[in-house]
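Annotated in TrEMBL:
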ACT_SITE  His498  active site
ACT_SITE  Asp546  active site
ACT_SITE  Glu555  active site
COMPBIAS  16-25  compositional bias 'Acidic residues'
DOMAIN    100-568  domain 'Glycoside hydrolase family 9'
REGION    1-30  region 'Disordered'
TRANSMEM  45-65  transmembrane segment
Amino acid sequence: MESNAPDDDRSRNLNDFDEPNLDETQESRLLGGRKEKNVDLGRKICATILAAAFVVGVITLIIQIDPRNQTDSSHDNNNGLIASINRKAIPRIQHQPDNYTQALRKALMFFNAQRSGPLPKHNNISWRGNSGMKDGFIGTNLVGGFYDGGDAIKFNFPQSFAMTMLSWSVIEYSAKYKAAGELNHVKEIIKWGSDYLLKTFDSSADTIDRIYAQVGTGDTSDGSDTPNDHYCWMRPEDMDYPRPVYECHSCSDLAAEMAAALASASIVFKDNKKYSKKLVHGAETLYKFARDRRGRYSAGGAEASIFYNSTSYWDEFLWGATWLYYATGNTSYLERATSRVLAKHAGAFSGGPSYGVLSWDNKLAGAQVLLTRLRLFLSPGYPYEDMLSTFHNQTNYIMCAYLPVFSDFKRTKGGLIQLNRGATQPLQFVVNAAFLATLYADYLDASGIPGFYCGRNFYSAKVLHDFAKTQIDYILGKNPRKMSYMVGFGQNYPKHVHHRGASIPKNKIKYSCDGGWEWKITKKPNPNTIVGAMVGGPDKYDGFRDVRTNYNYTEPTLAGNAGLVAALVALSGNKGKAATTIDIETMFTKVHLSSQMVPGPGPWKP
């Protein structure tokens, strides 16, 4: 992401998606009755055989004449003929994937384009190659991970949040990912990010004193022409300038967010016990560091404050503790997550313009929904019920605020909710809200609760699905400009994305630091299509400028795309009960509530 920030698609057989398993049913007729006299059974049997042979011959002749049934000569055998007859007898019902599923497949490709380090052979981005192969310093290997946006900086803070969001979506909707053929792909993305985060601190230790928070630098505010990741417009593969490593010794927000990322990933990879255990250990080490060494990672003039300034670490304390509780079942984390003092510091009771807005900086809304999940499905009761019921009420308030009938947030004339109060790059906040709304609606459906109250008014869970769909549909092209803000979806999408790798051709020419500027300022479309990238988005008047130099409109980011992926998978699938089913159990794999706990409230009653 630039300052001032608070084409290749995988080949798939789309016909295989959502195709029903058709069983061939045959009607069995029981022939019986009395044996009549003077009936020549032999003659009847012969006549039947001749008639059957005649019918088969006619069918075979029709099949041979009909050009639609001609097959390649290599399959011209009895088996091929039988298969051809079967196909004609029972037509194959094929479903075109819905828009959300198609968009999901593309949105995940963005992460392939953002990989740093040695790329796997199946990465499928033809214009990308190995890069950042010397990241780190003597004795420290920081190769890997993801570039944040259009630049080549690796920011742990938003990268960790992106991985947490992806893991959350997999835990809840693994069946939908599997139906879309993307479960292995998204898990591979999460592992790529998790492996890198494990490199940025001593993950084998129980206690640490530092985290490597950032690789690369981008501050150009002093007018300096020193080569760095913002001044130089170069392909990542060609970087030859120094890439400093920034470490922090007092960074509670960063450490707790990294803990959330590793803890949630441990649930995703629960079947890989060795790796899952490694992730949990790293998460616990990070959370201990967060508590022991209080401070904001972007404080004290750190360069990160220019790009991803953290306003507080209390929300990360709450968020990280919640994920660690789900990852370990250790009730000490639940005690912290339900601490009224901690919730107060995190802003749970204060409201404000960012209340209910989930982002890379503010995780409060995400924690509130996650803890409401616990109350809805397990209801642990005393001593946690007081705060869990409070979080439940606060979650209902947030959902009410998203609805168009209320005025908590303004909307553009085209219908886009303004969660960031009219500031630039609005879409990253919108997709997170769409995910939370859909997920909460699915929680309500799965727990048998028909809806929620906004004051005295009762609303069905369906209104949350409707809200999410209107927002994601806007992003995919249902807006006044008829512009899809996700690259590669539809026909009208941004062609001048603010992205170094996408804007410079792979032509065997290595452009120098400032020599590549010709590709930044050219008015020609990008030579490489960065499929799946969601750009910053339109302004508060639904206006959009497809200009490469204006990153507020045209730059994509990891955090933004992670929220998009989560919202898309939540909305994907055909209509009906199966489409709204979440995985209730996986999140609770490690949770074992004590029998001494006093149960919470009973089933919902109108």
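Just so it is clear, glycine is given a Cβ too, placed from its N, Cα and C backbone atoms.
Source: prediction; values computed, not measured.
Neighbour counts of Cβ atoms within 10 Å were taken for the active-site residues Asp546, Glu555; the minimum is at Asp546. The two recorded residues, Glu555 (active site) and His498 (active site), show a Cα separation of 5 Å.
Around His498 (active site), taking its Cβ as the centre, 27 other Cβ atoms fall within 10 Å, counting all chains. Confidence across the domain 'Glycoside hydrolase family 9' (100-568), taken as the mean pLDDT and rounded to a whole number, stands at 97. For the pair Asp546 (active site) and His498 (active site), the Cα-Cα distance reads 9 Å.
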